[in-house]
């Protein structure tokens, strides 16, 4: 019996894509099934980051971040997962060289046996460095047997435009032509679309002109795109010239071609030309529909051209186009806002007659228009119609009605409407009560005024804040300032008052020339133990300077400094000007420097004052050049500038140089004879003071004070 053969173990077959899935790797996706398989990308395992140590403030080095800057973010593999392996190899070569073109990149790229145009396009589609992309594009073009195709040129154009190099992208047609690949309409369309998306109308026209130079005629679609981009960016004349080329090429307009031109002409207010294009549109059997007419009306309404809107409306009727609710609402709103509420109301009645559903917004626009037109009765009739139609009025409707009733002295009815808003839970705000407060104040019904304030407080209003808004509104008209003060005098007895209200009234009284009353309010405020803020002291500084009380003005300035605050620019200017008038030039120049060092945008007079001080080092000619520059800026020399001339010339030059500048200003009639005399006296007095200060400093330096005092001199006691 022959020996039994031992069966050999089955030889495991080497798996490949037909029999099963191969071993996955980062760059080789898993393949399941047979010839037709689903590709899945294997994500590389991510190692967990080590836990960061707890932050210790004692060991923190403030220079650590500047010495160890964080590296630039490296693109993760899944960002380029759709690329081919060779494209990923090229991207990795760029990454290894830190995205700079050099010998290391060229060395890696030379490892490739063959580079195709589709591969170049694939790489450029994901490249965000325009310089590196251009270098790679140029390197690929020099490879043996390589020729760029339209896809690679287009990818370069997209890459350049995506990274803000659109002017370079516009030169690609010349590059294509020089490399034996004349551009087609598609390349120009890409450039035009890029510029149109970014609203670069002039670049669109530039590419269009280049397209004509290459002898390429655009299709109707591209012509429409060019004209639309030019119209949207405000270049209507260029769009009309392109339209002339369109007609010269023998192309037939589409409805969108006409609408582009019509919208542009409406935006420019050229209604007659628009109607001519509309007539041409009818001849081509492209009659506009209701949406096109509504678009025309909307553009004309936005430009305030109501006559043009009504002409378009008549053309729509002439074409037999039935307006829809949007067309009606657009025109009614435009007419009401433009002051033609009666014509808008006629269209409103036409809508009701046709049974068109009218929205609450339309009622609100009409009511507001009637109130502005002084027809409060008609507005109330519309409110009744609104409620009968099943709508609830909102604050946008009640507020104009309350304001209109207060305007015609129907304050009690306005108050009833206010009560209705409260009952309906509409949560009225300051805009609702402001007209009633003003009406009560004008009619001197202060008991009702206070009653309304009490109700506001119950409703959760911030009464002091709203009173501040009220007084700010009242004093906008200077003639109502006295009424505001009278109202406040009655309110403060009842405990209503704040620092902000005092500041508002002080500023208003100063503007109307009532400086004494403003200062009395300031004193009253301190007597009532209100703590003044920097705005209060700034207003007081201005008033004290105008009252020629420089001592108290300086005290207020010091109070602001003690509060670690900064005076207002007007206070700085007023105090500086006042110090210059009384000859305290050094203190004034110190304030000039202090102001420019503390505020963001100080007065131009202060900036030129420092410039004049610096120019005094070079003499009178340089100072006059600065003054000429000031005159060109519309700033004649004032007290501060002349004081800067005195200070600078006494410090760096002579009295004669300063007199030369003042004489020049007198010759040019920028200073009167009286002012020249005053400034000459200030100049002599300032120079004597500086000389005396210099002598005193010398005596103190040499220790001669005791001898002078022993001799009975009072020189050092000044």
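The backbone N, Cα and C atoms fix where each Cβ goes, and this holds for glycine too.
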Kindly point out the range from 1-40, 41-80 that TrEMBL annotates with region 'Disordered'.
41-80
Apart from its near flanks, which chain residues at least 6 from the ends of the repeat 'PPR' (394-428) lie with a Cβ under 8 angstroms of it?
360, 363-364, 367-368, 370-372, 374, 376, 379-380, 383, 386, 435-436, 438-440, 443, 445, 448, 452, 459
By Cβ distance under 8 Å, which residues at least 6 away from the ends of the repeat 'PPR' (359-393) in the same chain are close to it?
325, 328-329, 332-333, 335-337, 339, 341-342, 344-345, 348, 351, 400-401, 403-405, 407-408, 410, 424
Same-chain residues at least 6 beyond the ends of the repeat 'PPR' (498-532) whose Cβ lies under 8 Å from its Cβ atoms:
464, 467-468, 471-472, 475, 478, 481, 484-485, 488, 492, 539-540, 542-544, 546-547, 559
For the repeat 'PPR' (289-323), what are the same-chain contacts with Cβ under 8 Å, counting residues 6+ beyond its ends?
255, 259, 262-263, 266-267, 269, 271, 274-275, 278, 282, 330-331, 333-335, 338, 340, 343
So which residues does the repeat 'PPR' (149-183) touch in its own chain, when a touch means Cβ under 8 Å and the partner is 6 or more beyond its ends?
117-118, 120-122, 124-125, 127-130, 133-134, 137, 140-141, 190-191, 194-195, 198, 200, 203, 206-207, 210, 214, 216
